[in-house]
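Feature annotations, courtesy of Swiss-Prot:
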TOPO_DOM  1-72  topological domain 'Cytoplasmic'
TRANSMEM  73-93  transmembrane segment
TOPO_DOM  94-104  topological domain 'Extracellular'
TRANSMEM  105-125  transmembrane segment
TOPO_DOM  126-147  topological domain 'Cytoplasmic'
TRANSMEM  148-168  transmembrane segment
TOPO_DOM  169-177  topological domain 'Extracellular'
TRANSMEM  178-198  transmembrane segment
TRANSMEM  201-221  transmembrane segment
TOPO_DOM  222-243  topological domain 'Extracellular'
TRANSMEM  244-264  transmembrane segment
TOPO_DOM  265-278  topological domain 'Cytoplasmic'
TRANSMEM  279-299  transmembrane segment
TOPO_DOM  300-323  topological domain 'Extracellular'
TRANSMEM  324-344  transmembrane segment
TOPO_DOM  345-374  topological domain 'Cytoplasmic'
TRANSMEM  375-395  transmembrane segment
TOPO_DOM  396-404  topological domain 'Extracellular'
TRANSMEM  405-425  transmembrane segment
TOPO_DOM  426-442  topological domain 'Cytoplasmic'
TRANSMEM  443-463  transmembrane segment
TOPO_DOM  464-477  topological domain 'Extracellular'
TRANSMEM  478-498  transmembrane segment
TOPO_DOM  499-508  topological domain 'Cytoplasmic'
């Protein structure tokens, strides 16, 4: 394999005699961040001395797109999903939706295949040199993108909190004297140390971190298979089964598609001439392998709780996912505890994209926010995530289920509008005038996107199924959640109808 990290990203000298870039493509060379005597420049010079990535949402020049390894793309998502959070999604099949083994496995398979497609698709836009939310301006316009940025910030923070709770459960299962808030702090601070440094360190960490986690999951698989405690819970029948499959599928889809809104953030240093097919395939492999393996493992292990009073049942009731896995590893003694610690720390790989991208997304909100260096926003986002995770620790299942559905809803609408615009109105990658990304007068007005979003929300409401509300179409689907499917369909159809009028009246 070619050297994956033989490139040098943004390690700029502390003082560079240069002027701002005046090229027509809007790209900003890295050395310009340290030019001048402003507070911003001084902070950036300090960052350069510490080898911290200085670039925020500024477009990456072609000369700095030196990440030539395709494996860096796949390993990013391989590590981010080869984690205990994926295991927790599989557990929901029985714990929340009361599915049997085979139907839960099939749901995991098909909804993951559907959910990852948009992540693979949007990863292909990174070589344009723009972060995902910045590139979104070319679909939604200057102001509408800010609304999606707010949703993306909520998604990043929510993901970070939910994942930290899973890791905290693992640490609590190892040592019950470790309170939930302390475990959340440990995991969040470890993640901050990686993401604070920036793109190169994030990719370097993700490149290797999946290996020990994969080994631990193989140990869990082997130990559980040897125990003979697997229970082949039969499939359900009738309309209630359909409702459970659709609702669990929505949660699985939400987890798989959750990276959609910042997929391009992790391919911006790929060369501009990188094959879109290679990016798509590398992303697909990096996602589908860990998602299917770990979620299906979670489905299988959770079947053992069907025996009431068993160590699995007691462990899950006491310490959630951590207690369940601890029950599997119990025969291994102290080595089993070591494996639990490895799994707890796997959350760092899971949360790196969230901590890194939340900072970039905040910068999209205003010029003032962009003037605050990325790494400072990363620090701020970490604090907010901790504040969300600690009170949510004791209500994890409810938090996770509701959050997965929220992710599925809004990302389905976002994807529908962007995909329709790409294939119908831009007619492929050649139809973009990327240089207009920061020229609001040349971007779409956003009226069509706004109305389409409203229609998407209407579709979502009619199809959603939550404890506090069940939409009329969901009721006809046996209470199954079809919110993301209807949100996508309503948004796509309405955008196709409205966008031609927007182009006709505004010319953009």
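Cβ from N, Cα, C; glycine included.
Since we're looking at a predicted model, the values are computed, not measured.
Counting residues per DSSP class in helix, strand and coil order gives 5 helix, 0 strand, 9 coil for the topological domain 'Cytoplasmic' (265-278). Within the same chain, residues 94, 98-103, 300-301, 303-304, 306-307, 310, 312, 328-329, 331-332, 465, 477-480 sit at least 6 positions outside the topological domain 'Extracellular' (222-243) and bring their C-beta atoms closer than 8 Å to a C-beta of that stretch.
Taking pairs at least six residues apart, the transmembrane segment (73-93) and the transmembrane segment (178-198) share fewer than three Cβ pairs below 8 Å and do not count as touching. The recorded stretches the transmembrane segment (478-498) and the transmembrane segment (244-264) share 3+ CB pairs below 8 A when only pairs 6 or more apart in sequence are counted, and are therefore in contact. With a cut-off of 8 Å between Cβ atoms, the residues of this chain six or more beyond the topological domain 'Cytoplasmic' (426-442) that come close are 24-26, 59, 124, 128-130, 134-135, 137-138, 141-142, 276, 508. Each of 244-264, 279-299, 405-425 was scored by its Cβ pairs under 8 Å to the transmembrane segment (201-221), and the highest score goes to 279-299. Sequence-distant contacts of the transmembrane segment (375-395), counting only residues of its own chain at least 6 positions beyond either end whose CB sits under 8 Å from a CB of the stretch, comprise 43, 47, 52-53, 156-158, 160-162, 164-165, 168, 180-181, 184-185, 188-189, 191-192, 195-198, 354-356, 358-360, 362-363, 369.
Within its own chain, the topological domain 'Cytoplasmic' (499-508) has Cβ neighbours under 8 Å at 420-421, 424-425, 442-445, 447-448, counting only residues six or more beyond its boundaries. Under 8 Å from some Cβ of the transmembrane segment (405-425) lie the Cβ atoms of residues 118, 121-122, 136, 139-140, 148, 151, 155, 158-159, 250-251, 253-255, 257-258, 260-261, 431, 449, 452-453, 456-457, 460, 464, 466, 481, 483-485, 487-489, 491-492, 495-496, 499, 503, all in the same chain and six or more residues away from its ends. Just going by CB pairs under 8 A, the stretch in 105-125, 148-168, 178-198, 279-299, 324-344 that sits most against the transmembrane segment (244-264) is 105-125. Relative to the transmembrane segment (105-125), the listed stretch 279-299 leads the set 178-198, 279-299, 324-344 in CB pairs under 8 A.
Counting only same-chain residues 6+ beyond the ends of the topological domain 'Cytoplasmic' (126-147), those with a CB under 8 A from a CB of the stretch are 27, 57, 59-62, 65, 261-274, 279, 357, 360-361, 364-365, 414, 417-418, 421-422, 432-434, 436-438, 440, 443-446, 449-450, 453.
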